[in-house]
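A.B. asks: Below is the structure I would like to discuss, written out as structure tokens.
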Amino acid sequence: MDYCSLLVVSFLITVMTVLASKENDHELIKNPQNSLSSWISSSSSSSSMLVDVCNWSGVKCNKESTQVIELDISGRDLGGEISPSIANLTGLTVLDLSRNFFVGKIPPEIGSLHETLKQLSLSENLLHGNIPQELGLLNRLVYLDLGSNRLNGSIPVQLFCNGSSSSLQYIDLSNNSLTGEIPLNYHCHLKELRFLLLWSNKLTGTVPSSLSNSTNLKWMDLESNMLSGELPSQVISKMPQLQFLYLSYNHFVSHNNNTNLEPFFASLANSSDLQELELAGNSLGGEITSSVRHLSVNLVQIHLDQNRIHGSIPPEISNLLNLTLLNLSSNLLSGPIPRELCKLSKLERVYLSNNHLTGEIPMELGDIPRLGLLDVSRNNLSGSIPDSFGNLSQLRRLLLYGNHLSGTVPQSLGKCINLEILDLSHNNLTGTIPVEVVSNLRNLKLYLNLSSNHLSGPIPLELSKMDMVLSVDLSSNELSGKIPPQLGSCIALEHLNLSRNGFSSTLPSSLGQLPYLKELDVSFNRLTGAIPPSFQQSSTLKHLNFSFNLLSGNVSDKGSFSKLTIESFLGDSLLCGSIKGMQACKKKHKYPSVLLPVLLSLIATPVLCVFGYPLVQRSRFGKNLTVYAKEEVEDEEKQNQNDPKYPRISYQQLIAATGGFNASSLIGSGRFGHVYKGVLRNNTKVAVKVLDPKTALEFSGSFKRECQILKRTRHRNLIRIITTCSKPGFNALVLPLMPNGSLERHLYPGEYSSKNLDLIQLVNICSDVAEGIAYLHHYSPVKVVHCDLKPSNILLDDEMTALVTDFGISRLVQGVEETVSTDDSVSFGSTDGLLCGSVGYIAPEYGMGKRASTHGDVYSFGVLLLEIVSGRRPTDVLVNEGSSLHEFMKSHYPDSLEGIIEQALSRWKPQGKPEKCEKLWREVILEMIELGLVCTQYNPSTRPDMLDVAHEMGRLKEYLFACPSLLHFSSQETQGEASS
């Protein structure tokens, strides 16, 4: 990125002090995103410099004195150092330079603004060095945010202990490298403090007792430091308004030499608004007693994991009726899982793993309607898996491994159709693998682990329906029979472990043809015959283990076998070949060359039969296309001419509305023609889509088709048509003007000078698009396949609601998968329709002569999701990587996604939300990647339908609402206070 090389703020000051009369001063600014274009253009064209400054982007002046009182140039990708000359803005109340790339140190001169400055935000930059103690002079400061920089050294005492301590409400120094203690002594009274965010530093010492004076505190986050001492019970007891308390990953202990948690829980009894409590990773000792019932009924999340808490889980925890997350994992808890947990009807995630819990899993857990994750792994639980788990329709991850569970795998688990992970490994389960489970869990997309049990019988053929699953582990059981060749249908499979069973017969070659398989272990079975060549020819296989079978034949050291050692073939005495340590093969006699023509003739005949017949059939099939009657389209157009819903607009009215289709009104162009913005006589703002006369013959069918679809469909997420205008040589669609342009402009703001969206907005937009396309596929009066879904065809209204547009190449669908063309539309088997759509978004089957289907739109939507997360256009990936966006993302999934998720988070990170929400944001981004990969699978039949996709996007949208906003102290409130 080309960062600014000039101090932007310094330039502002030189202009204000009328030192900017030199014509070339504006040329010193390197402004890569053109974020400050108004500064440059106005300073070079206007004679009244002072007035111009007040009109500049990010600048606000006092209306009476025209003195600059606010400077907010946050989130504009600016760089350079912050100039000390900022102190010359003596009337400044708000200074916000956050979310840029400023480097260097914080100028101590900012402290001279003590008479006026109320809000200072320098967060999310690259600033380093110490925090200047001069900032302690800012005695009117209300809001201080220096978080997410590279600051080091100790926190200056003056920052907390001076005149400003009476006014400071918000302090964020988080995510730096600050050391030393929290500098609060008995003389410091931060009485107005509501937010204290010091997480992810290197702070030591105890929580200062004088913090108890901050009785208005709502949010205290000291997580991920090196703080020590007893949990600050006396401090917390004086904070009745506390809503969020994060003390995880420090070195705190409980009372009475780390044996008693009771005083701390008692101190929280006054905090009736408490919503989240996190104490994880402190090695806290003690028990969770019945006093937990006195905690706030508003509690939503409790994190007590990674401690040394012992005793049982008190049934009284069921009094916390609003709890959605309970994490007690990695402790020393014993006793049974309380049945009373079923009273927590809002529970979504329960983590009880890695404890010493005993008894049976309560069947009542199956009555928690929203439960999406249950992890009770690594305990001493016994008994059977409850049948009631089949009631958990929202269950996505079920982890029961590492217990002493017995009985069979319940068939009812097949009802948990949203399961992504099922891990029942390392138990004492018996019986066969239920057909009802594997046949219904088609959506299982992460892993299935049934290893280390006593399961018997064959692998059900229905397992092959799991075409989304990434990993299957059935090892260390008593399974028998053949390995089904149908497992080759699990096309997403990357890891397959069938070792230590009783499988016999030959190894199916279809496993070697799995396109993403990386690891295969079939050791310790009774497999016979040769290793199929497909395994050696695989380009993805990295780890193979064929040991201790009865395999025979020649093994080459070529292809995927080139990096294998003899350890992959131990105990297979009948194998020979060129692997180091393996016995060499005996030479075979060569057949006379006279047999070669005979063999070729025997092979050629069936090949011609196999490949020739489909070609003949395909040519016949192309002649039997069903088409829409041309008369139907024309009759409909005549009928709509008198429809009051579509007012008639003359050609002259459109000329007047668009200024004669002036170039200044042009807002877009494409193959079909041009789009102009305009204003009708009733002040309606419109977009006029005009068909180019030069291409009228070629695209007239597209024009009619778009008219037809827009008039027949109505949905809040589809563009509506105002009317049409046609005359000889002129065809136009009149549509509402979308003030926020296309999604493409927001995904690539550097190209279009648009503001970035955030993750919440993007998920809402994708949810809107999915709803719109689902309507077209399943509920529209005429079923429609869009065929060209991409960011530029998604428009955003003034409320950032997404509307799908551009139906010029859509197909009308008559049956479930039967495409019916309009008068000029043909199958994708024709030259005209072969690659109908946009490169990078076109489903691969369209390039092989397949007809338009709803699966193609699902593919395009998946590409859209992957594009949003990766920040890369699919065409860029094709050019630079030589692969599709799906293949690019698949190569990073799941182990190498951290960098991609980090970059996505840096681009789309929501503002005005606590850093604590980052865990949730990462999960949402990961799920967007997973959904994108599922939607872009090569085989169309394995993709979900758009109703399922819309449901998933709706769930992610609701999931994001779980993260609270900064409750009281919004930036608007701060600015309002600053300007008062």
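Just so you know, the numbers here start at 1 and follow the chain as drawn.
Each Cβ is built from the backbone N, Cα and C atoms, and glycine gets one as well.
Below are the features listed in Swiss-Prot for this protein:
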- Asp788: active site, proton acceptor (ACT_SITE)
- 661-960: domain 'Protein kinase' (DOMAIN)
- 65-89: repeat 'LRR 1' (REPEAT)
- 90-113: repeat 'LRR 2' (REPEAT)
- 115-138: repeat 'LRR 3' (REPEAT)
- 139-162: repeat 'LRR 4' (REPEAT)
- 165-189: repeat 'LRR 5' (REPEAT)
- 191-214: repeat 'LRR 6' (REPEAT)
- 215-238: repeat 'LRR 7' (REPEAT)
- 322-344: repeat 'LRR 11' (REPEAT)
- 372-391: repeat 'LRR 13' (REPEAT)
- 464-490: repeat 'LRR 17' (REPEAT)
- 491-514: repeat 'LRR 18' (REPEAT)
- 515-537: repeat 'LRR 19' (REPEAT)
- 1-20: signal peptide (SIGNAL)
A.B. asks: I'd like the per-state residue tally for the repeat 'LRR 1' (65-89) from DSSP, helix first, then strand, then coil.
C.D. replies: 5 helix, 8 strand, 12 coil
A.B. asks: What is the number of other Cβ atoms found within 10 Å of the Cβ of Asp788 (active site, proton acceptor)?
C.D. replies: 22
A.B. asks: Same chain only, please: residues at least 6 beyond the ends of the repeat 'LRR 4' (139-162) with a C-beta under 8 Å from a C-beta of the stretch. Say none if there are none.
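C.D. replies: Apart from its flanks, the repeat 'LRR 4' (139-162) reaches 98, 106, 114-133, 168-185, 187-188, 190, 192, 197, 203, 915, 969, 974, 977-978.
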A.B. asks: What are the DSSP helix, strand and coil residue counts for the repeat 'LRR 19' (515-537)?
C.D. replies: 5 helix, 7 strand, 11 coil
A.B. asks: Short question: most Cβ pairs under 8 Å with the repeat 'LRR 11' (322-344), which of 90-113, 191-214, 372-391, 464-490, 491-514?
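C.D. replies: The stretch I would name here is 372-391.
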A.B. asks: DSSP says what for the repeat 'LRR 17' (464-490): how many helix, strand, coil residues?
C.D. replies: 7 helix, 8 strand, 12 coil
A.B. asks: Using DSSP, what's the helix, strand and coil tally for the repeat 'LRR 2' (90-113)?
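C.D. replies: So the counts come to 6 helix, 6 strand, 12 coil.
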A.B. asks: Using DSSP and three states only, what is Asp788 (active site, proton acceptor)?
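C.D. replies: It is coil.
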A.B. asks: Near the repeat 'LRR 18' (491-514), which same-chain residues lie under 8 Å Cβ to Cβ, leaving out any that are not at least 6 residues past its ends?
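C.D. replies: 445, 447, 451, 459, 467-485, 520-538, 540-541, 545-546, 551, 937-939, 942.
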